[in-house]
Each structure stands twice: as C-alpha cells, then as structure tokens.
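> Before we start, here is the structure in question, set down as structure tokens.
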C-alpha cells in the first residue's frame, strides 16, 4: 500500500507547536509529510520567533499533489496569511472537491471560513476565534478539543496539538496506527 501524503502549509506567524507536532506525529506514522512555505522556500519565522525551514514552496508542493490531507496550523498572523492567499484557496477548494481531508487548528479554521470551505460542518477553533467562526452561521460550533465532521478536522490550540495530530493519523491510517504512535509519547490520558 502506498504511503499516505500530507501537505502542511507554513505561513509567517504560524504557531510553532501546531506546525511541528503534527509533522512529527504524522512522520512517526509513516505518512510522507511535505512542509510547504506559503511565501517560498526560505525559512519562516513563526509566532514565537522559532524559525522553521520548509521542505519546498507551496507553489512547488501544489504540483506534487494531490495529498491525503492538507493541514493548516494556527497562530493569528499565520492564519491571516493563509486566509489572504489565493493559492491556499485554490488548494483547499481542490482538496474539498476531491473529498480529501482538511485539518486546521487554533486560528487555522478561520482560513476555512475565508475561503468558504467546509460550510455546514461542525468545527472548533481557539476560543478567541469562535466569534469569527460563527459569523454568518456557516458552521455549527463545538467546544470539543478535536472535532471531526466528515472530511473537516479541527482543533483548539497549542495544548491540543498532540490530539489533533493523532486524529489526523487515525483518519488516514486507522486507530491501531494512532495507538502505536501514541504509546511511546508518554502522553497523559
């Protein structure tokens, strides 16, 4: 069986934990992860001044698709940059149309709203993004730490990054694989 593929879109101002933890967990599960820089291949300064080097540019990554999941990290500035990108919109719309999984965490779900993706789904987000997500009644809102409704998977923030990442693994590779990856992480149940 061919390994699953994930695209993580990295924008300036992304939240570090919400980027790195899903990348790490998915790679532990054998998922081929591409970290794509929204503004190109140059290192990206994240919300807490951690610098992450993308594998490639988003433009280049798009030519290597499709992906089994597209992941949108949060961070206020990062989510704003994702929300303002025509290329992100194109990728999300293609993913939605081909019935591929889309996962967004913290403020990342606001990019779904901006690009009119997943309307009608139940979502969650960082508590400070709730009002924005509920503007226009395009979604129903959940206070769950992780919410999966069909092919839209959302989560709340840095503290839910492991749960979010394991939910992506479970959606792509099954519960057994998620449990196998989780065991050595010494997470609190």
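Every residue, even glycine, has its Cβ placed from backbone N, Cα and C.
Checked Swiss-Prot, it gives:
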{"type": "ACT_SITE", "residues": "106", "note": "active site, nucleophile"}
{"type": "ACT_SITE", "residues": "126", "note": "active site"}
{"type": "CROSSLNK", "residues": "130", "note": "SUMO cross-link"}
{"type": "LIPID", "residues": "46", "note": "S-palmitoyl cysteine"}
{"type": "LIPID", "residues": "53", "note": "S-palmitoyl cysteine"}
{"type": "LIPID", "residues": "106", "note": "S-palmitoyl cysteine"}
{"type": "MOD_RES", "residues": "2", "note": "N-acetylalanine"}
{"type": "MOD_RES", "residues": "67", "note": "phosphotyrosine"}
{"type": "MOD_RES", "residues": "106", "note": "cysteine sulfinic acid (-SO2H)"}
{"type": "MOD_RES", "residues": "148", "note": "N6-acetyllysine"}
{"type": "MOD_RES", "residues": "182", "note": "N6-succinyllysine"}
> List nothing but the one residue from 2, 46, 53, 106 whose Cβ has the fewest other Cβ atoms within 10 Å; the candidates are the recorded positions.
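Taking 2, 46, 53, 106 as the recorded positions, the minimal 10 Å Cβ count falls on 2.
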> Name, in the order they occur in the sequence, the residues of the same chain whose CB lies under 8 A from the CB of residue 67 (phosphotyrosine) and which sit 6 or more residues away.
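5, 6, 7, 34, 95, 100 - these are the non-local Cβ neighbours of residue 67 (phosphotyrosine), listed in sequence order.
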> Measure from the CA atom of residue 148 (N6-acetyllysine) to the CA atom of the residue listed as 'SUMO cross-link' and give the result in Å, rounded to a whole number.
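About 16 Å separates the two Cα atoms.
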> I'd like to know which of these recorded positions, 126, 130, is least surrounded, judged by other CB atoms within 10 A.
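It is 130 that, of the recorded positions 126, 130, has the fewest other Cβ atoms within 10 Å.
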> Look up residue 148 (N6-acetyllysine) in the DSSP assignment and report helix, strand or coil.
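Residue 148 (N6-acetyllysine) sits in a strand per DSSP.
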> Within 10 Å of the Cβ of the residue listed as 'N6-succinyllysine', how many other Cβ atoms are there?
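Its Cβ has 20 other Cβ atoms within 10 Å.
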